[in-house]
């Protein structure tokens, strides 16, 4: 059996969220008793918690919700590239060493250990010119091990609008701590949420050989 790497952080009430966004909450609506045959919970959360896929609706009014987005970009050959210690922005030169034969999906690891217990503002993000550089090499999906492809302080979301122009897809909040640089199969399908601006994903990598 081919090896799997789970690259989705655990989701719980302790999961960090963007300041002001909705945290994970869970309460039990039904409990297993002699009069009730099941446990059933109610969950409230932002669709941007944990590993998730943004929809075009997230950064453009009237654009496609996540349930209308094609699934093909979220499944297939993928390259993990290490840019550990790259600083606030991932630049093309941080990825150039791994550009030969680039597959359509690229995930970038920026940290030795993803921040899973608390929110941090100074995470690494993609420079817009890096989106252009990747799009020019046929990349259709990008991912990152931080909460956003844009800096936390950004009000213009330049990298999000760069992927909009190129009709690219994005995965954020991945956990790549245990993943070596190299090629894998990505499986990270979003839910068919017909009105949502994003969806949680259970993202995994599978070895190719």
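Every residue, even glycine, has its Cβ placed from backbone N, Cα and C.
Since this is a predicted model, take the numbers as computed values, not measurements.
When the candidates 132, 172, 181, 185 are compared with the Zn(2+) 1 site entry in Swiss-Prot, which names 48, 52, 54, the shared residue is 172. With 54, 172 listed by Swiss-Prot as binding Zn(2+) 2, the candidate from 82, 94, 160 annotated for that site turns out to be 160.
Compute the center of the Cβ atoms of 48, 52, 54, 172, which mark the site for Zn(2+) 1; besides them, the chain residues with Cβ within 8 Å of that center are 47, 53, 58, 147, 148, 170, 171, 173, 198.
Under the DSSP three-state reduction, residue 160 (Zn(2+) 2 binding site) is assigned to helix. Sequence-distant contacts (6 or more apart, same chain, Cβ under 8 Å) of residue 172 (Zn(2+) 1 binding site) comprise 48, 51, 52, 54, 143, 144, 146, 147, 148, 149. A helical conformation is recorded for residue 58 (active site, proton donor/acceptor) in the three-state DSSP classification. Neighbouring residues of the recorded Zn(2+) 2 site, listed in sequence order and excluding 54, 160, 172, comprise 58, 59, 148, 149, 150, 163, 170, 198 (Cβ within 8 Å of the Cβ centroid).
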